[in-house]
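Colleague: Please read through the structure below; I'll follow up with questions.
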């Protein structure tokens with residue numbers, strides 16, 4: 001009887017323990033359900049679109065200003081104290097800033113994977129650095145100082161301010177990621193349209209020193225407000241002191257084994273080689289054809305056409321296989337470069353070229369989110385790294401493309417060209433741009449093949 005009593009008590013204890021375990025599991029399950037239900041919805045809702053709007057504003061401030069550097073370049077080369085400097089050195093200010101902003105995205109992505117709790121702090125530090133460097137650059141009189149501050153410093157700060165947006169895009173948008181990305185990336189087109197006109201007006205009235213000071217203050221206020229709306233959808237993980245964090249470099253970067261990544265990366269380089277020479281030299285071409293004012297307007301139109309292109313291409317990539325969107329974008333860009341820019345002998349043709357090429361080529365990056373998702377495959381957490389790899393490669397092309405085009409332009413101008421094609425020695429540049437666009441179209445077909453094989 002005593003043994004039976006002990007056994008009965010043991011069975012009762014086991015039963016009670018089982019019931020308690022089941023109750024705890026149920027509580028945990030209910031807690032997870034409540035937590036999931038308390039999260040803001042994906043692809044919709046006030047918080048998701050607030051994130052999209054604030055990200056759009058940061059895109060406008062960071063990239064729109066960078067794409068407006070051509071106005072500063074014209075001013076620096078024609079006004080003291082930098083008018084005695086080499087045009088190549090003056091151009092290095094804007095090129096350096098853009099290249100760093102594109103290139104540092106990969107490092108920032110890896111850093112934020114290890115320290116996700118520092119995402120907001122990274123943005124505030126970036127805002128402080130970019131504002132300080134832009135303000136200090138208003139006091140310099142040496143070109144090396146300008147390159148260091150408005151180029152390197154502003155580039156690093158601008159990248160730190162903007163790139164965390166890319167880390168959060170996949171949290172807030174899934175099915176409508178292409179549309180959201182298109183809206184966000186259209187900010188560079190909006191800034192690229194408005195900022196050249198604003199900068200040109202300020203430079204004419206108060207000079208470059210006060211222009212930089214006013215711009216630093218205004219952008220700091222607007223960017224600070226935008227940061228307030230950039231938040232995680234899911235709570236960022238908290239790490240205790242001594243707790244092991246994720247590796248800085250992931251041990252398994254599976255996207256490197258996928259053909260989609262390599263074909264799209266190659267195509268991205270080709271597309272950027274086609275885009276950046278136009279962004280840099282279209283104003284110079286227009287000045288030779290007409291006047292500096294017309295050049296400012298053309299550059300604004302070229303940049304703003306990317307607004308429509310970003311949104312349209314982003315939306316199409318949600319409903320149509322994105323390699324075919326890439327193909328149409330690339331071939332349309334090629335035809336406009338060969339025919340419209342090549343035979344441009346009037347402002348009407350230049351304006352038409354700026355609208356078509358700016359929209360088709362300027363909107364190309366809206367397919368990046370879809371391509372990054374495909375490249376990551378079964379490891380969606382690596383989509384951000386693949387996206388920043390694309391940006392890194394575009395940063396390299398942002399330097400190489402203008403240099404190659406500059407060599408071709410110098411050679412073309414030395415030989416002279418009074419024919420109907422390629423006026424003012426730009427014929428080789430126009431052929432280079434069009435050829436890279438054709439190569440982009442061919443690359444799009446390889447992306448389509450690699451994408452089908454991966455399925």
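Glycine is no exception: its Cβ is also placed from the backbone N, Cα and C atoms.
Remember, it's a predicted structure, so these values are computed and weren't measured experimentally.
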Colleague: Please identify the range among 9-29, 324-344 that TrEMBL labels transmembrane segment.
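Modeller: From TrEMBL, the annotated transmembrane segment range turns out to be 324-344.
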Colleague: Tell me if the transmembrane segment (143-166) touches the transmembrane segment (88-111). I count contact as 3 or more CB pairs below 8 A, with pairs 6 or more residues apart.
Modeller: yes
Colleague: Can you tell me which parts of the same chain pack against the transmembrane segment (118-137), counting only residues 6+ beyond its ends and a CB-CB cutoff under 8 A?
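Modeller: Same-chain contacts beyond the flanks: 62, 108, 111-112, 145-146, 149-150, 153-154, 156-162, 164, 167-168, 212-213, 215-217, 219-220, 223-224, 227, 230-232, 236.
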Colleague: Could you check if the transmembrane segment (178-202) is in contact with the transmembrane segment (383-411), meaning 3+ Cβ pairs under 8 Å among residue pairs at least 6 apart in sequence?
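Modeller: Since fewer than 3 Cβ pairs under 8 Å link them, the transmembrane segment (178-202) and the transmembrane segment (383-411) do not come into contact.
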